[in-house]
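Q: Below are the structure tokens for one structure; questions will follow.
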Amino acid sequence: MAEIRSRAPKAKAGGASLEKPLDRKQLDKKVEQIKTLSALRLLLSLLGLVAVGWFGYKTLTPILDKSPEAPIAPQIRLPGSSRFGTLKPSELPSNAGGLKLSADVEKREAVKEAFEWSWHAYEKHAWGSDEFQPLSQSGSNLTSAGGVGYTIVDSLDSLLIMDLIPEYERARDWCRDNLDFDRDSEFNTFETTIRLLGGLLSAHYLTSVHPSPAIQADAGLFLDFATDLGERLLGAFSSPSGIPWSGINLATREGIPDKGNQGVASLAEAASLQLELKYLSHLTGDYVYWRKAEKVTEIIRSQAIHDGIAPIFISPMNGQFVISEIRLGSRGDSYYEYLLKQWLQTDRQEPVYRDMYDEAMGGIKKHLIGQSKTSGLIFTQELHPARHPKDQSQTWQVVPKQDHLVCFLGGSFILGVTEGGKREVDWTKLEEKDMEDFIVGKGIVESCMKTHDTATGLAPEIAMWVQWSNDKPEMVDWYIKPNQQGVLIDGRNILRPETVESLFLAYRSTGDEKYRRWGWQVFEAFQEYCRVPTGGYAGIEDVQAMPPRQLDRMETFWLSETLKYLYLLFDDSNHISLDKHVFNTEAHILPVFAPEYISPFATS
């Protein structure tokens with residue numbers, strides 16, 4: 001055994017001698033000290049592993065089967081169905097709900113006045129521009145190549161249903177004399193389809209059934225524009241897989257990959273073009289649009305997605321999903337919305353869409369529904385790709401984050417139960433799945449309204465929910481993340497429509513007056529904090545700030561969606577009835593029709 005020596009001390013002035021060798025007693029004592037230190041280090045290492053394991057348990061739940069295609073979130077016990085309990089009789093709609101509902105004329109006309117206040121300001125200060133800046137009283141276009149009538153085309157059906165005929169005629173004349181899609185620049189395929197193509201198709205439909213023969217004569221004008229735009233959009237589907245490119249040059253008709261996301265497309269953008277393109281085929285008899293749109297859904301269905309829910313990114317190059325978040329907000333939302341609406345649009349004659357919808361809703365209920373710790377509110381959450389802290393295998397992190405965009409889902413769940421009035425519903429004898437869907441839909445609407453419990457009465461762009469821990473000092477259900485470097489993104493309100501969309505669908509489906517009361521509360525908050533004295537409405541920077549700072553932008557969906565849904569919420573139920581119409585994801589009104597073309601895929 002080698003002799004063990006202590007470290008030699010530094011030499012002093014005049015020299016220093018080496019230490020004497022350790023004797024046996026000292027050597028044994030030194031060995032015991034080393035053993036004690038080794039045991040202490042081992043104990044500390046074990047404690048560190050326990051801490052890592054606890055962190056993983058708290059932040060990376062659930063731990064899956066090591067497959068990114070199999071997200072499993074902690075399941076909750078919801079109050080309501082045969083599987084989750086039962087609702088009180090007072091909480092169930094009456095069987096007469098949603099059938100014949102009278103207009104609240106005073107409130108409906110107040111919403112109409114807000115639309116006029118917005119529209120007339122746009123006409124005065126930004127006529128023909130794509131977008132309106134109400135604070136600076138100016139307009140702007142999406143590209144330097146010139147405008148494509150975003151605000152005007154997006155508002156045509158709102159003008160018609162609110163019976164604003166002089167305003168409609170001026171908008172029609174602008175389209176006839178100025179609308180031109182031959183713009184040599186990049187446009188977003190999804191936004192162009194849902195806003196412009198959807199707006200033109202809706203204007204065609206509503207003018208074709210209008211009681212005035214003079215307005216009926218305009219239907220051909222809008223169909224011609226829609227056909228021209230549809231032909232230009234076909235270039236987006238030129239990818240190797242058939243998944244559309246995110247961008248399109250309307251002049252050259254060439255699809256353009258999304259350079260900001262390595263060329264991938266988002267699930268919502270690729271799979272939310274179907275209502276518009278299928279209706280265009282139905283009108284023109286040219287089924288190239290239908291087949292292009294349907295192929296996208298067919299590719300998605302062929303993937304091994306788990307329980308009908310999918311990552312938000314898909315590759316146009318090979319049609320394969322890219323490992324990415326699974327969420328119901330941005331880049332994912334309208335895929336799930338369009339599954340149900342495609343089934344309703346073709347008068348329930350394409351069962352594949354109902355099957356895909358039911359599977360997806362089952363997956364959402366299983367994996368993407370959370371419940372707040374304090375009040376037990378039902379909300380939606382996200383799954384983010386993550387690494388298991390133990391072995392670094394692929395797993396999913398549950399993030400209790402809900403975009404305002406997700407608030408469409410409450411109304412969609414309820415619409416799936418009633419099928420827009422096509423199905424007779426006995427609310428006291430619902431099957432278990434339908435009762436679950438109703439409870440979850442009703443719960444999401446309620447939790448979305450809870451996010452309006454702010455200083456302004458307006459909901460933030462993103463709400464974080466308290467689910468597992470007491471990290472927040474107050475016993476709260478949700479909160480807004482603090483600003484990052486002075487920029488408060490999550491706390492904005494930009495006049496979004498999703499909550500009032502669900503309120504409209506829930507009221508029409510159930511007849512429950514609380515949905516009108518809630519809608520009026522939201523409208524009054526818009527009136528107080530978003531109305532611009534010189535005309536128009538503006539979003540606000542922080543829903544908790546008093547007074548809030550207004551943003552110099554009036555989104556086109558304020559006119560096409562938010563005010564339209566509020567107007568119809570207070571209108572009678574025979575006007576744009578849900579059994580005869582579907583709304584695209586920009587709230588453009590399309591008719592239910594019996595299809596003349598049904599593919600083998602649609603009945604598979």
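Placement of Cβ uses the backbone N, Cα and C atoms for every residue, glycine included.
Predicted, not measured: the structure shown is a model, and the values here were computed from it.
Sharing the features that TrEMBL gives for it:
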ACT_SITE  Glu191  active site, proton donor
ACT_SITE  Asp333  active site
DISULFID  Cys407-Cys448  disulfide bond
ACT_SITE  Glu461  active site, proton donor
ACT_SITE  Glu498  active site
BINDING   Thr585  Ca(2+) binding site
Q: Just name the most isolated of the active-site residues Glu191, Asp333, Glu461, Glu498, going by other Cβ atoms within 10 Å of its Cβ.
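A: Minimum Cβ neighbour count within 10 Å, taken over the active-site residues Glu191, Asp333, Glu461, Glu498, occurs at Glu191.
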Q: Let me check the 10 A CB neighbour count of Cys448 (disulfide bond). How many other CB atoms are there?
A: 28
Q: Would you count the other CB atoms within 10 A of the CB of Thr585 (Ca(2+) binding site), including those on all shown protein chains?
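A: By my count, 26.
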Q: What is the total of other Cβ atoms whose distance to the Cβ of Cys407 (disulfide bond) is within 10 Å?
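A: Here the count is 30.
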Q: In Å, rounded, how far does the Cα of Asp333 (active site) sit from the Cα of Thr585 (Ca(2+) binding site)?
A: 9
Q: May I ask which of the recorded positions Glu191, Glu461, Glu498, Thr585 is closest to Cys407 (disulfide bond) if we compare their C-alpha atoms?
A: Glu498
Q: Sorry to bug you, but what's the C-alpha spacing from Glu498 (active site) to Thr585 (Ca(2+) binding site), rounded to the closest Å?
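A: That comes out at 10 Å between the alpha carbons.
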Q: Roughly how many Å separate the Cα of Glu498 (active site) from that of Cys448 (disulfide bond), to the nearest whole number?
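A: Distance between the two Cα atoms comes out at 9 Å.
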Q: Do me a favour and check the Cα-Cα span between Glu461 (active site, proton donor) and Cys448 (disulfide bond); whole Å is fine.
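A: Per the Cα atoms, Glu461 (active site, proton donor) and Cys448 (disulfide bond) stand 11 Å apart.
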